[in-house]
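Under the heading domain 'FeoB-type G', TrEMBL lists A:27-196. The region 'Disordered' annotation in TrEMBL covers A:1-25. TrEMBL lists A:264-286, A:326-350, A:404-425, A:437-456, A:494-513, A:609-630, A:642-662 with the feature transmembrane segment.
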Amino acid sequence: MTDQLAARTAVPSCHSDAGGRSAAPGAPVVALAGSPNVGKSTLFNALTGARRQMGNWPGTSVEVGRGSWALGDARVPEVALIDLPGAYSLDPASPDEELTRDLLIGAPPDERPDLVIVTVDAAHLARSLYLVAQVREHALRVVVALTMADIAARRGIHVDAHALGAHLGAPAVDVDPRHRSGRASLGEVVAETLHQPVPVPRPLPEMDLGADMGADLDALDADLALADSRFAWVDEAVRAASRTEATGRSTWSDRIDAVVTSRLWGPLVFLGAMWLVFQVTTTVAAPLQDALDTLFTGPVSEGARRLLGLVGLGGTPVEGFVVNGLIAGVGMLLTFAPLMALMFLLLALLEDSGYLARAAVVTDRLMRSIGLPGRAFLPLVVGFGCNVPAISATRTLPNARHRIMTALLVPLTSCSARLTVYVLMATTFFPRQAGTVVFLMYVLSIALVILLGLALRATLWRRVGDEPLILDLPPYQRPHLRLMADQTWVRLRTFLQTAGGIIVATVTIVWLLQATPAGPGHGSFGDVPAEDSAYAATAMAVAPVFEPAGFGEWRTSSALVVGFVAKEAVISSWAQTFAVSEPSSSDQPGRLGELVRADFERSSGGHGAVAAVAFMVFLLAYTPCVATVATQRREIGLRWTLFGIAVQLAMAWTLAVLVFQVGRVFW
Amino acid sequence: MSTPGPLSAVLAALREGATSLDEVARGTGLARDTVSAAVDHLVRLGRIEASDLAVGCPTGGCGSCASGTETGEAGCGSTPSPRRSGPVLVALSIPRR
C-alpha cells in the first residue's frame, strides 16, 4: 500500500522501467517535447516506426508514447524515445504539462532524460521557443527539431536552422516528419550531442528588475519579469534566425484593413456597407413582399371565408378572428419573410467574409472615444438582434456600474422586430428612398446610444472606468454559400417561430378586446363597432398624448400600446384593427400602407410624412417590449428598470414632438 | 533601468488602447507572431482575459432571442460559431497593486 502511494506521489523518472519500453536496457533516454500541434507525435511515429507503444504514464491518466529509435550510429545504435505530452511551457496549466514538467525537471538529475528534443514550429517560432528557453535553463542536452518549414515558407517565413541553433545554444535540425525527411540528420545530431557533456544551463535572468521597479516585487510581478526576459531572449532568436518576406496575400489583406479599419474611412465604409444592405434588402424584397401580400389578402383569406361558410361559421365572430386576426396578422408577418431572409443572407455574407470583425473594431473605437466601457460592445451588438439576450449579456461586465449603464442603453439598439415597422412606414411614405430611410433609423439608433451614454456619464457616473479591449482580426475569406444558406435559414425560421407565437397571442388578446364593448349601450360581445370596443377606448385614452407629435389617431396609438408588449405585433395588430374598422377596403392587397397613410395625413393636418418620421423615432426610442423590461428587472433591479422606462418614454416623446414640430415647418 | 521585454511592451500597448494585434505589432515593433505568442502568454499569466466574441447573430438565430434563455445566459452572439469567423475579443484586466 505504502509502495503504491509512493509510486503515485513520487516524481516520475524517465529511467524507471514502468510499462516496459522496447529499447535495449541501458540505451540512452531521449524525451520528445513540444507544444501541441507542432508535429511532435508525427515526428515520434516517424522516428520509432512500428517499435512503439502508447499507454498512460503510471499513476496518471496522461497518455505517453514510448518506443525505440535506431539512430544508425556506431556509438549510439539505439535510444529509448519518450513522446512527452504536449506542453507550451514548464509552468503547468494542465495535467499534461505537469507530467512533462515532472519528467523533464522534476526528477533528480540522474533520472532525467539524457537528451531532450524540443519540436519547434517554424511557422510559429516565438510561440514554440518559450519552452526551449525554459528547458535551456536546466542541465539538459537539448536538440531542436524544426518542423513545418513548408507551411512557414508559404507564409513567407524562412528560418535558418543553423543561425537558430547558434543563438539557442542547442543544435537545430530541419525535419519534415510527414514526408519522413530529416530523420537521418536528426539522428546524427542527437548521437553527436549525446556524446557531448551536459551543457551549462542558460543563466536565469538577473532579477535586477526588482531593484529598478522597487524591492517589493510580488510573486505576480516576478513571474511577469521572468517570463518577459525569456520572451526577450526568444525575440532575439527569432530576429536572428528568421526572415519574413511580404507575401502578396498579406499585403492585399493589409491594404484592405488599412482602409476599412482606419479612423477616418473605417466608419464611412461601415455606414456605406450597412446602407447597401438595407438598400438591396428593401429594393429586391419589395416585389416578393407584394406578391405574398396579394396571396394572403386574396386567395388565402377568401378560401378561409369559404371554408368557414361551409361549416356554418360565416359572418360569426370566429370568422372575424380567423380572417381578420390570424390570417391578417400571421400573413403580414410572412410577407416580411423574403425581406428578413435577404437581410440575414447579406449579414451572413459580411460575417463570413471577415468584414464584420473589422466593423467591430470600428464601432469599438467609436464607443471608447466617448468613454463607454469596451466590453459593453458585446451586449450592444447583440441588441441589434434582440434586446433580451443583450441585457442578459451585461452579466459579462465585471463592474456593477457598467452593467447598469449598458442595460439602460441596450433598449436603444434597434432590434430586428422594429425593422418590420420601419420597412412598412418607409415603403409607404418614402417609396423611392425606403432603404435610405431604414438605414437612417439604424444610424439614429447608434446616435441615441451614444447620446444617452454620454448623458449618463455626465450626470450619474462621472467616473466610469475604461477597460481596454483588443480584437484579433481573422483573415478575409471567400464566403461559403452553404454555410451562409444554413445560417440564413436557421435565423429566418427562428424569427418566424418566435414572432409567429407572439403574434398569435397578441392577435387573440386584441381580438378579444375588439369584440368587447367599451360599456353598456355600445353593443354586445362580438357585435360591436370597432370605435366602441374596449380596445378602441383604451387607445383613444392614450391618443391625445401623441397629438403634438402628429400621430394622435386611436388606431396608431393602439399599435404603440401593442408595441409595448412586443414590436413584432405592431403591424399585425394594425392590420387587424383596419380589417375590423375598415372592412370594405382592407381586403385589397397593399391597402394597409394606404390606410396607415390616410390616418397619418388626417392626424398630422397634411404633414403625413413628417408624422411618419416622428412615429418611427418614437417607435425606436420607447420601451422595446415586456420581455426586455422583465430581463432588465432581473439584471439591474426594479428601480433602475423604472428609471429606464421613464427616461426612454420621455426621450421618445420629446424627440417625436421635436421631429414633427420642426419638420412640419420645412415640409 | 532594463529595457522592457516583449511582454511588458505588449501589455503597455494594450493599456494605451491598441485595438488589434496588428496595431500592437506596429506600436511595439515586434513581429506579429511574437505579439500573438506574448498575448497568449499574458493570458496564461492571468494578466489579460481572452473571451470569444461572435459578432452578429448566433447560429440559433435572432428569432430565438425574444424569449431569451431560461438561465439568463446571453443567447445572441455569445456562442461562437462552429467555424469561427468572428473576431477574438481580449479584455485586459489591470492587475491590482
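Cβ coordinates come from backbone N, Cα and C, glycine included.
Because the structure is a prediction, the values reported are computed rather than measured.
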Maximum Cβ pairs under 8 Å to the transmembrane segment (A:326-350) - stretch from the list A:404-425, A:494-513, A:609-630, A:642-662: A:494-513
Contact set, same chain, for the transmembrane segment (A:264-286): CB under 8 Å, 6 or more residues outside the stretch: 338-339, 342-343, 346-347, 350, 355, 358-359, 361-363, 365-366, 423, 426-427, 434-436, 438-439, 442-443
Spatial neighbours of the transmembrane segment (A:609-630) far in sequence, C-beta under 8 Å, 6+ residues away: 387-388, 391, 410-412, 414-415, 417-418, 421-422, 425-426, 428-430, 437, 441, 444-445, 448, 546, 549-551, 556, 560, 563-567, 570, 600, 603, 641, 645, 648-649, 651-653, 655-657, 659-660, 663-664, 667
Per-residue pLDDT averaged over the domain 'FeoB-type G' (A:27-196), given as an integer: 88
